[in-house]
Amino acid sequence: MAKAIFITATGTDIGKTYVSGLIAKHMKDKGLNIGYYKAALSGSLDITDSDAWYVKQQADLLDSYDEMVSYTYKHAYSPHLAAQIEGNPPDIKVIKNAYENINKKHDYMIVEGSGGIICPIRYDNNQKIFLEDIIKELNIPSLIIADAGLGTINSAVLTIEYMRSKNLKVNGVILNRFEMANEMHDDNKKMIEEMTGVKIIGIVIDGILKLDEKNIETLFE
């Protein structure tokens, strides 16, 4: 089985897919066999305009789109609502089986979530699935993507503490849109670490991922 990490974020449009692509490319460039999987994806009229396709192109991944994504919805809503409207609800068994199949082909796996950590994937009378259920079913640790700017202390600490309350392992945080010599960004980094005990294992500056190389291996454990 591949070593895997679940990538979530402090909210929508924080840069989760963007950073997933940077991590995948970073590892691919190092000669590591990296794969990508996303259980449910919404707001995609065409696969070439999807999160998974972006990561696939960024890191030159060879897996097919169907291997990388189990459920794709056209409506740009939370997956649970898009699934209700389009009549194709996710099933946790299908998700686990699809993940295990692509997992076998790689040494490392990135599993990307949808939106923030409290995101309903399915919510109906038959089954209720949240991101935390997928993480537990796949039994993998998580990485949180957060914005470097104003308000991130609150959103990052709340995300970490919520995940801890659900007994989910958090292996680190990456700050996106970080600016050097920005005292607020520097302080945000320090405060998140001090308030939670979770390390900021990387930052993204002008589209460049700054990642401590010694963290890349432990990130997936």
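Any Cβ shown, glycine's included, is placed from N, Cα and C.
The active site annotation in Swiss-Prot covers K38 and is backed by sequence analysis. Counting only same-chain residues at least 6 apart in sequence, those with a Cβ under 8 Å from the Cβ of K38 (active site) are D51, A52, M68, V69, S70, V111, E112, G113, S114. Annotation note: K38 (active site) sits in a strand segment as assigned by DSSP.
The annotation ATP binding site is assigned in Swiss-Prot to D13, I14, G15, K16, T17, Y18, D51, E112, G113, S114, G115, N176, R177 on the grounds of sequence analysis. T17 (ATP binding site) is surrounded by 23 other CB atoms, counting those within 10 A of its CB over all protein chains shown.
Sequence annotations record features per position, and here Swiss-Prot assigns Mg(2+) binding site to T17, D51, E112. Secondary structure at T17 (ATP binding site), as computed by DSSP, is helix.
Positions annotated as substrate binding site by Swiss-Prot: S42.
Taking the Cα atom of each, G15 (ATP binding site) and S42 (substrate binding site) are about 16 angstrom apart. Report note: the Mg(2+) site is defined by T17, D51, E112, and the residues of the same chain whose CB lies within 8 Å of the CB centroid of those residues, excluding them, are I7, K16, S20, G21, K38, L41, A52, Y54, V55.
G115 (ATP binding site) sits 10 Å from S42 (substrate binding site), taking the C-alpha atoms as the reference points.
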